[in-house]
Structures are given as C-alpha cells and as structure tokens.
Amino acid sequence: MEDVACSLSARDLIFWVERKAPVWAIQVIVAIISFLETMLLMYLSYKGNIWEQIFQVSFLLEMINTVPFIITIFWPSIKDIFIPVFLNCWLAKCALENMINDVHRAIQRTNSAMFNQVIILICTLLCLVFTGTCGIQHLERAGQNLSLFNSFYFCIVTFSTVGFGDVTPRIWPSQLLVVIMICVALVVLPLQFEELIYLWMERQKSGGNYSRHRAQTEKHVVLCVSTLKIDLLMDFLNEFYAHPRLQDYYVVILCPSEMDLQVRRVLQIPLWSQRVIYLQGSVLKDQDLLRAKMDDAEACFILSSRNEVDRMAADHQTILRAWAVKDFAPNCPLYVQILKPENKFHVKFADQVVCEEEFKYAMLALNCVCPATSTLVTLLVHTSRGREGQQSPEQWQRMYGCCSGNEVYHIRLCDSKFFGEYNGKSFTYASFHAHKKYGVCLIGIKRDDNKSILLNPGPHHIMAATDTCYYINITKEENSAFIFKEEERKGRPTGGIFDGPSQLPVHSIIASMGTVAMDLQNTSPPNVSGGKLVPPTVNGTGSRRPSIAPVQEIADSASILPCDLLGDQSEDDTVFTDEKGRSSTEYVKGYPPNSPYIGSSPTLCHLLAEKAPFCCLRLDQGCMHNSFEDAKAYGFKNKLIIVSAETAGNGLYNFIVPLRAYYRPRKELNPIVLLLDNPPDNHFLEAICCFPMVYYMSGSIDNLDSLLQCGIIYADNLVVVDKESTMSAEEDYMADAKTIVNVQTMFRLFPSLSIITELTHPSNMRFMQFRAKDCYSLALSKLEKKERDKGSNLAFMFRLPFAAGRVFSISMLDTLLYQSFVKDYMILIARLLLGLDTTPGSGFLCAMKITEEDLWIGTYGRLFQKLCSSSAEIPIGLYRTESHIFTTSEVSMSVDDCEDTKDRGDESRSNDQSDYPMLRKKSMQWARRLSKKSVRWQGGSRDLSKDHAQRIAQQRLNLYRRSEREELSELVRNRMRHLGLPTSGYDEQNDHQNTLSYVLINPSHDTRLEINDIV
C-alpha cells in the first residue's frame, strides 16, 4: 500500500503543479493571443496542402503550449495540469532568426550567411540546454528533487560528453528525457556544424572582405588577375616589397578562380599572411570591387593571362576589367598589362600600360644588333642589391653579379650631390665626371617645363638646376655611401681632381684617368673612322701613352655634333646597291606610311622610295620582277636575321622598325627573313612592303629544308618567337617543350649560329643548349639554388644562355609594370632604350665592338672619356665574351670518372672552364687509350708531362666532337645538295661552345677593356 501511495504521489508531482490564479490568467491570455495569431498566419499562408502546415514543428509546438490553457477555461478543475511552456524557447529561436533576416533585408546586407549560421548554432545549443534543464528539473520533482542549477550542471556535463556521474536522474521519465535530448542533439547539432563549416570553407575560398576601417587607415593595392599562378605571385610580391617605402602596404588579390594549393601554402607563410589578402571575385562586379575597397586603393594592377590560347580574348577581358575599375573608382591609379599592340589604345586612359608584344619584339630585334639587350633591360628592371654571386670563386660571376644590381634612379639636379656641381655644364661633361667621381652613369634628363625624357641629349644640352636627372647606379643617391661621407665632413669640399686651390681650366687639367698630365692645346674631337677609336699621336712620335681629349664643360660650335635626322654624312642619300650589284635600290628616310595598328609611335626609318610588290617579298619564290628562290641567290652583303614565328601578328612590326631606324647606317642594315608557320595576310604585307630587305617565307624551324631555304647558313642571328598555340599545356612548364627541342637541334646542326629564343617559363632556360654530362652547368645549377635560398629575385641570371642574351621570357618584364608604381618613368625609359618611342633630341641604343686597335684605351673610364669627348656617346655597359679553357685537373680525368664529377665539380673547376661535351660510345675506347698514354709520360719532366696531358686531352675532346659533327655535317650537306643549294657556305666547325658571354652594366671606371668587348 505504501508503494502504491508513493507511486501516486510521484505521478501527481509530474502531472500537476501549483499554479496561482493570476499566473494562470496571464498564461491563458497569452495562449489565446498566440493561438489566434497562429490560426491567422496559417490561413494567410495556406497554399492548398493543409496537412503540410499542420505537421510543421512550429505549429505543433504552438498547439501544445496554447490549446491546454484554452481548455482549462471550460474545464477549471484541470487548470493546475503541467504544460511544458519551456518549449516556447524553440518558437523564440525561430522568431529571432526571422527578425535577423528582416534586419539584414532592411539594411541590404547580403554577406550575412556566416553570421546567421553562427546565431542559429548558438540558439540551438541554448534551446537544447534550456529544454533539458527545465524538463529534468520538473521530472526529478518526483525523484531526488534536483535544483535548477543542478539540472543545468547535469545538462552541461552530459552534452559535453564528460559525464562525471555525481548528478544523475533517478526515475525513468527523466532518464527517458535524457535519452531523447541526446538523440536530438546528435541529429541537430551535426547538421548545424556541417552548415557552419561549409560556410566557413566557402568564405575562406572567397576570402571574405577587406574592411572599410582598414582601407581608410592602411595603404593597400589591388592585384587583378584571371588565374593566379605561384610564379606570377612571387614575382609580384618580391618586386613590390623590395622597395623600402612599400613595406607597410597591403596587397589585396582579386581573382575569379579558386586559390590553388601552391598559392595557399605561400600565403600561409608569416611573411605574406599578414600582408596579402586573397579575395575570390570578379572585377566586373561592383560588389567584389567594394569588398576589395577599390575606391580607397593606392593603385590597381590588372594583369593579362598570357598563357591563354586565344590572346585576343585575354586582352578583351583585360580591357573590360580596366573599364570596370575606372567606372567604379575613377581616381584609382591604374597599371595595365596588355598582350596585343592593337588593343593598347582601348586602355590609354590608364596611368601606365605595358604591351607585351611591343617590348618583346623590340628587345629580340635589338638583341641582333646590340647583343644581350634583353638581359640588360631585364637586369635594369629587377630590384637587386648586386650581391648575387659574390661568394662564387669565379671572377666573371662576381663581376656580373655585382653589376646586375644597377638600376635606374632619378633626382633633381638642385637636390643632388652627384650632379649639383654641374649646373650650367653640358650634359656630356656631367655624365663623364659623375661616373669618374662616383661611379654613376647619367643617361638622361627631363626639363622642368617639358614632360619628355631625353636620353643623352648631347653636349648642346646645358644642365639646369630644375632638371630631373636619370642615372644608373647600384643604389639611389640618398642611400649612397658618398652622401654619408659628405655629411661627416661637415662642409669640407669633395676631394675630386677638379677641386683644387688653383681651379685650373678644363683644357689644362689631367686629361685622362691614370695617364700623365699634359696641357691640351687642341680640344676638338678626334676623328672616329670606321667604327674604331683612333689613338692620337703624342709629339708625333707615339712613344708615350696616348692621351684623350677632355670633355668640355660647354661644347663650342665645332665640337657639337650635327643633328640632322634626314641626313647621313657617311653614306649616299639616294642610291644603295645590294644583291651583288645587280640592281640599285633607292632608299629614303621617312616615316612608315602604313602602321598595322592604332597607337604605334612614328619612327623615322630607312624606307624604299617605292613600295615593293607583294610578290617580291616572298623569299623562296620567284616572280616577274626577279627569279631568286633562295637567300644565296640574292647575294646579300650583310648577314641575315631570321625570325621564326607562328603568325605575322602586328607585334612583328616592332621587330622590323628598330632594325630599320634612321640611325642605323645603311651599309650595316641586315636583311630580315620572316619564317612563318602561317602565311601573312595582305594587311601585314602592306605594312612591311615599304622597308628595304624584308622578306618572308612559309616554313617552320622543325623543318631542315625550310631553314636551309631561308638562308640559315648565311645568318648571324636566328630569333625563335614563342608560339601562341603552345603557350598553354596540361602540365605546367611543358609549354616550351617543342621550342626547346627544336632549338637544341639547330644548336647541334649550326653551332656557329647565334640563336635567340623566347620561352614561356623562365625556369626552362636551364634546358637551353643542354648537354647531359655538362659539369659546369651542374655547378651553375647549384649556384642558382644557393642564390634562390638567399632570397634573390634573379637566381636564374647565372645561366649561360641568359647571361649571353640568347634566351628571354616576357614574364621577366612583369617587374617593369610593378616598378612603375614607385618609378613612374621606367616604362618610358625602357621604350626609349628599345626604340619604341622617339623624342626629338633624345639618343638611342647602339653598340661598338672593341678591336685590337682599340685596346690602347685601356680602361672603361678612358673609353667613357673618349666617347664623350669625340662622339658625345654615353656607354652604359659592356658585353664581354671570354674563352673557356679546360684546366689540367679536368682534362686528365678518364672517361670512366666523368660520372663522378657531379659531386666534386665545384672544387675542381676554375673561373674559366668550358662546357664538357657529350660523350659518344664509339669514342670510349680511343679515349681510354689516350688516357693510358698520358699516364706513361708522367715519369719524365713535370712540365713536359703537364703540357703533354693538356695536348692529349685536347685531342680527346676534338675526337668526341668530330664523330658527331661529321654525321650532322653530312646530313646538312646532303639536304643542301637535294635542294640545289651550294654547300660552300656551311662551316660546322666555327662554334661558340668554348666561350661564355655576359653583360656588365655600368662597370667601374678601372675595368680593363678586352678584345671583342662590345660597348
């Protein structure tokens, strides 16, 4: 009986509560209102399916919490029945969600999915805990009568899966509630977390927002690209943050594609994670531009996708992006990269524009007449401190690495310590003496009242205090040690040779660096004949070291060179004979009458008096005007320049113009042959038919017959342009595979030919002129890795093809656009150097070879003085070619040991080692015999054995080469005979395999000149 009474008492405690009349009245009123509202909403939202609305969770909860209270009105005896009103928390959760959505809709906030999901998750957790706490506390009234806090404690411990066990439900209804709550939590919470994680991942992909507060308190630039590759990203970041004043800037990347894994890993590096923000979005959407805070950006860089098969479509996308940015943020400085020159005028409103094909073809053209122009420009537009290669044991690498740190800087004359003392002096005088005193090379100026930059305006230009000086140096003047030294002297005058107490006039000071002092009675410039620097005689005897005329402060009328653009003092103005004298062609100087695209800069060129018929432009086919069908028949006096390209695009026009510019002597014009995969259209032929000695033929570099017909054995330079159809490949860096293999074939067939190749990826230049067992290339590869580990932006610079200017990638010039953010003059100076723009009174880029007759000058400083005083030319660098000779330690190695040289190659090589040739199997036995013979001579005199070992080794090297070359030579000769071409011009033995070449930008004044140097 007691158990039954206890059971009835426990049941009463669960089903009945003590509810006072005022509380009951309030609950009834609220229930009636909620019930009526629910019925009204149900009626208004009725869509034909009543059961779908009845079985909604919110409707069921409303019925559970309202209908029992309404029933108690008519049945007062049950007014104390238990009704789970705490379930209203779930209705409150739904109401809160609707309210937040309404608020976001009212304020037009669209990026709130993440915030909403977090609110929903928090509310779900609170509702679960609240429901469990209230339910267990009520049910345990019939058990151990838990307090509200103990119930809350039990729920927290249970939902956190800790389960201490100090508080537990005692009766089965509360235990059943715990089971139900755990099941609900296991279903609801994972769904909420999954949705939250999904939104978080999507937000990570899109990159979130760049807050307005950050945009207004920090400085940032926006980089807009179609696809972001790791090479492009690292080039931009390394170059952008190389400038000290940009260290506090942030980079916001706006890209429509998802971030790939390599980019994600890089952006997680602490160096970049705090400064680079990736946003996935489109430039064409104002919403995404607002996320990037484009209107507050310091600059916007828009880069084209050069690896697209359809480059014209890529340009169209770039143009639309530029228009979208200009429309959204008209005051944001815009830096645009365009691919095709015909599209450049669409973005001429941008602050800076770089057209890839213009720069590419102009540099490739100048590489043919001014060797390694591409390397020179690439090094100038890369930020470096000249520390690359300084730990190398080889002298050329140390010199080359140090000179690579030279860049172009600017400063006003009145603010300069370098050039301030030359106010009122001639430009040539200032350039020479600034280089002599401080090692800086003054290359150009800009007048305060003129926006045009003049490169080497000549001695007739008098420096003014308001002039802006442009100079080449390792560092800018503000960071120079000369300036710090001046400040330490506290006003003490500089100890230059011109700052003495007597202040001697210019004609009675020391005339040349390191030579005897003498009074020069005649300061007129000496003759420059035949491209050689003729040494003056001293006292008519030549017994003393020749002196050089000083550079005058202000040139007189006799020393100022005439500046007649339409005249040529060294040549006939009307008739020039070519083609073995069979015909006389009349050349004139003028502007090309037909430009292939809008926006090309007019350049004064050598032109034909009458346009050539289209049929005469075809090299390999005769016509009614001539019967020549190959290059040999034309009888050209100068070596050919052959250009291999896929199509005759408008950019190819910029290859021809620099080679036909008015300042190129007519007698030195090289015939140009365009070897095209696809025939050109009439529009292109109309543009080139006015230039002399420009021909085309259909063919490809992978066809030996085409190469022979276009006259490759009579060519000095072959330019291989990267093909658009191969720029994209399924595997990264494989886009250059076909080009590299074809060039390697030509390198083996025609070793005397200078091949200039354009690659898509700079990292592939290590495969140019590849030799499988080249120990020296392995050593250079190790050096490149060391420089890359040190953080160098120019780790590839020591690769021999790049140093010699025989390989080029247009992606190397991306830094030109990036540098223009800090140096707004860099693009204009590069265009002037390459001949893309011409300014009246400005100079141009040319080359002069140092011959044996010129070695009397001695040093680069004396050469600087000689050029300034005679022809008013400003040297900016040297192109040096050195012989590579094997040392004894190398040549004494046996063939069997060649494989072991990989590990000890760095120790056994001196500073002038050559490329080790590829070994052939059929020469192995002869090589071993020669090695054994060389060992027998070691018992004699050491000097004789050393000389003999070197002689034997040279014979062995010749043996390796001969067998392979004979086969290749015979192959070429057979094809020439088959085509009916004479074989007399083919000389396979004249090659450059034992030489290396490199560029020295602005070398020191005491650098010794060597034979075959090119200035």
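Note: Cβ is positioned from N, Cα and C throughout, glycine not excepted.
According to TrEMBL, the protein has these features:
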type	residues	note
TRANSMEM	24-45	transmembrane segment
TRANSMEM	57-78	transmembrane segment
TRANSMEM	118-136	transmembrane segment
TRANSMEM	148-165	transmembrane segment
TRANSMEM	171-193	transmembrane segment
DOMAIN	218-354	domain 'RCK N-terminal'
REGION	524-545	region 'Disordered'
DOMAIN	638-778	domain 'RCK N-terminal'
REGION	896-917	region 'Disordered'
COMPBIAS	901-912	compositional bias 'Basic and acidic residues'
Of 24-45, 57-78, 118-136, 148-165, whichever stretch has the most CB pairs under 8 A to the transmembrane segment (171-193): 118-136
Cβ contacts under 8 Å made by the transmembrane segment (57-78) with residues that lie 6+ beyond its boundaries: 24, 27-28, 31-32, 34-35, 38, 42, 84-85, 87-88, 90-91, 94
Within the predicted model, mean pLDDT of the domain 'RCK N-terminal' (218-354): 89
Cβ-Cβ under 8 Å with the transmembrane segment (148-165): same-chain residues at least 6 beyond its ends: 128-129, 132-134, 136-137, 140, 178, 181-182, 185
Tally of DSSP helical, extended and coil residues in the domain 'RCK N-terminal' (218-354): 59 helix, 30 strand, 48 coil
